[in-house]
């Protein structure tokens, strides 16, 4: 079997996965690609993991200690932060795998990491669609917003549970088929389709579900909702409308910049699954593109807290309170007593006052 057949065919080692490390098959040597990924991918994943954890933990801390989730957007933001945290926690395992060019962990951890990786990636994308619709209701349907959002808020947790359930269902092939096995004297954690009669069909099904729910669904929601939001803001006589429009445009552009390359590579891979006859140079270009595109896609974990939470004035205020309290805790070790009690007291009073005057249906996100 030549390199193209192995790369896009029905070989046990399924390199159609966008996060795979391309092995060296036949006359087409991808050693230079592996040398690139050994350095680039671990560094990129480590940075995404660190900054993604910091930003999303701040969001969770804000809801846990300073601000109750009172609106639909709050519930979505909290779930998205949890999703991103779980997602970035899988990246160190893949960083080690790329650096060592082998899977050094157990078979159970292989299934768990691949499954967690897929579930949280898809869940995060679906939550972006939910946030888009919530903003559409709040801004475009402003006259009906209070009634609609109040009624729907009761079911917001149910909506999030449904999103998690759908994400688990569409990611189930990842849990089922991924396993640890030996290939060319090294252990890999990849899908293996020996147990099914139509392996290419299962590959295409998995990629199709990811493309539909992980890209096209949130894209359609965002395009529809944000076009009407921009139209409404342009017509509004509001001094802050220009800033709001810039925020909307930034959200859409960041989503497109992060997700289009990754999903185009996935689409090309799906179209060419089972085909033969591609040149070695084409394989190398696709391998490079796949690794760079996935890093771009994963940047959303770092950018989501900024674009969807801390861009709002209220969240920035809570962020400053967190910083003050962290500073206070450090000072407490040196100067125990009134200083920390004073800061915590002011924070507590401020929180109570804010929650008293704030409408129960108000969102912590303000554009």
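Every residue, even glycine, has its Cβ placed from backbone N, Cα and C.
What you are looking at is a predicted structure, and each value in this text was computed from that prediction instead of being measured.
Per Swiss-Prot, topological domain 'Extracellular' is recorded for 1-39 (among others).
The N-linked glycosylation site feature in Swiss-Prot is assigned to 2 (among others).
Annotation comment: Swiss-Prot describes 35 (among others) as N-linked glycosylation site. Its Cβ taken as reference, residue 35 (N-linked glycosylation site) is surrounded by 11 other Cβ atoms within 10 Å in the chains shown.
Residues 74, 77-78, 81-82, 84-85, 87-89, 91-92, 94-96, 98-99, 291-292, 295, 298-299, 301-302, 304-306, 309-310, 315, 318-319, 321-322, 347, 351, 364 of the same chain lie 6 or more positions beyond the ends of the transmembrane segment (40-66) yet place their CB under 8 Å from a CB of it. Among the features that Swiss-Prot reports, transmembrane segment is placed at 40-66 (among others).
The topological domain 'Cytoplasmic' annotation in Swiss-Prot covers 67-75 (among others). Residues in the topological domain 'Cytoplasmic' (67-75) partition by DSSP class (helix H, G, I; strand E, B; coil) as 4 helix, 0 strand, 5 coil.
Here the transmembrane segment (76-96) has Cβ contacts under 8 Å with residues 19, 41-42, 45-46, 48-49, 52-53, 56-57, 59-60, 63, 69, 104-105, 109, 113, 116-117, 120-121, 123-124, 127-128, 130-131, 134, 156, 160, 163-164, 298, 300-301, 304-305, 308-309, 364-365 of the same chain, all six or more residues outside its ends. What Swiss-Prot records for 76-96 (among others) is transmembrane segment.
Beyond its flanks by at least six residues, the topological domain 'Extracellular' (97-111) meets 21, 34, 37-38, 41-42, 45, 175, 178-180, 186-189 of its own chain at Cβ-Cβ distances under 8 Å. The topological domain 'Extracellular' annotation in Swiss-Prot covers 97-111 (among others), and the record cites sequence analysis as its basis.
Here Swiss-Prot flags 110-189 as disulfide bond, drawing on similarity to another entry. Its own atom aside, the Cβ of residue 189 (disulfide bond) has 24 Cβ atoms within 10 angstroms in the protein chains shown.
Look at Swiss-Prot and you will find 112-133 (among others) tagged as transmembrane segment.
According to Swiss-Prot, the feature topological domain 'Cytoplasmic' maps to 134-151 (among others). Per-residue pLDDT, averaged along the topological domain 'Cytoplasmic' (134-151), amounts to 71 for this model.
Distant neighbours of the transmembrane segment (152-172): 71-72, 75-76, 79, 115, 118-120, 122-123, 126-127, 130, 137, 209-210, 213, 361; these residues of the same chain sit at least 6 beyond its ends, with a Cβ under 8 Å from one of its Cβ atoms. Under the heading transmembrane segment, Swiss-Prot lists 152-172 (among others), citing sequence analysis as support.
The topological domain 'Extracellular' annotation in Swiss-Prot covers 173-203 (among others).
Feature annotation from Swiss-Prot assigns transmembrane segment to 204-230 (among others).
Taken from Swiss-Prot, the feature topological domain 'Cytoplasmic' covers 231-246 (among others).
Annotated transmembrane segment per Swiss-Prot: 247-271 (among others), in sequence order.
As annotated by Swiss-Prot, topological domain 'Extracellular' applies to 272-295 (among others), with the evidence given as sequence analysis.
The Cβ neighbour count for residue 110 (disulfide bond), using a 10 Å radius and every protein chain shown, is 21. Where the transmembrane segment (112-133) meets the stretches 204-230, 247-271, 296-313, the count of C-beta pairs under 8 angstroms peaks at 204-230. In this structure the alpha carbons, written CA, of residue 35 (N-linked glycosylation site) and residue 189 (disulfide bond) are 19 Å apart.
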